Amino acid sequence: MSREVIFTEKEIKERVSELGRQITQDYKDSKNLVLVGILKGSFVFMSDLVRSIHLPNTNVSLEFMSISSYGAETSSSGVIRIMMDLRTSIEGKDVLIIEDIVDSGLTLKHLMELLNHRNPNSLHTAVLLRKKEGLKVEVPVKYMGFDIPMVFIIGYGLDFAENYRELPYLGELKEECYKK
């Protein structure tokens, strides 16, 4: 088989619900919360997470950015490109970055520095997956889904060359799938 399940659909749903409860508690007094999804990989995680956050007295808005450091490779190139920026101001608002995976930490660090210059009231991150062993820089992750080993993960929005995003679980892409 070309992939091995790391986290099942049920495990992911349970963890995302837990994160939603934490975020609901932490932002219950916020007036304006902007959830910034990093495309494309975080779209499934963000969709499920948003439905797990219940803030009836908060103006919750969704924004998206597209940032890339991969291309069609299985490891980060280290070159960060902003392909789509925010469409509205985040000044004075509470901002929560929704990211699929942190490998080296370089992309998230760069993004946090960029958004911090836009003067949000607060800036935090919710990350589905972190490769702790691969971190080159420490980045603050307030809401963590799962720590994972140094393997290439697919499914639940994460891809390899635009394939496998639709899988309902998170799996390891085996080397025979991409090495020729």
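Each Cβ is built from the backbone N, Cα and C atoms, and glycine gets one as well.
Database features (Swiss-Prot):
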- Asp103: active site, proton acceptor (ACT_SITE)
- Lys40, Glu99, Asp100, Ile101, Val102, Asp103, Ser104, Gly105, Leu106, Thr107, Lys131, Asp159: GMP binding site (BINDING)
- Asp159: Mg(2+) binding site (BINDING)
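Cα spacing between the residue listed as 'Mg(2+) binding site' and Asp100 (GMP binding site): 11 Å, rounded to the nearest whole number.
If you compare every pair of Cα atoms in Lys40, Glu99, Asp100, Ile101, Val102, Asp103, Ser104, Gly105, Leu106, Thr107, Lys131, Asp159, the residues listed for GMP, the longest distance is 19 angstrom. Shown in sequence order, Ser66, Gly157, Asp159, Arg165 are the residues of the chain, 6+ apart in sequence, with a C-beta less than 8 angstroms from the C-beta of Lys40 (GMP binding site). Reduced to three states, the DSSP call for the residue listed as 'Mg(2+) binding site' is coil. Other C-beta atoms found within 10 angstroms of the C-beta of Asp159 (Mg(2+) binding site) number 19, with every protein chain shown included.
Under DSSP, Val102 (GMP binding site) is assigned to a strand (E or B) in the three-state scheme.
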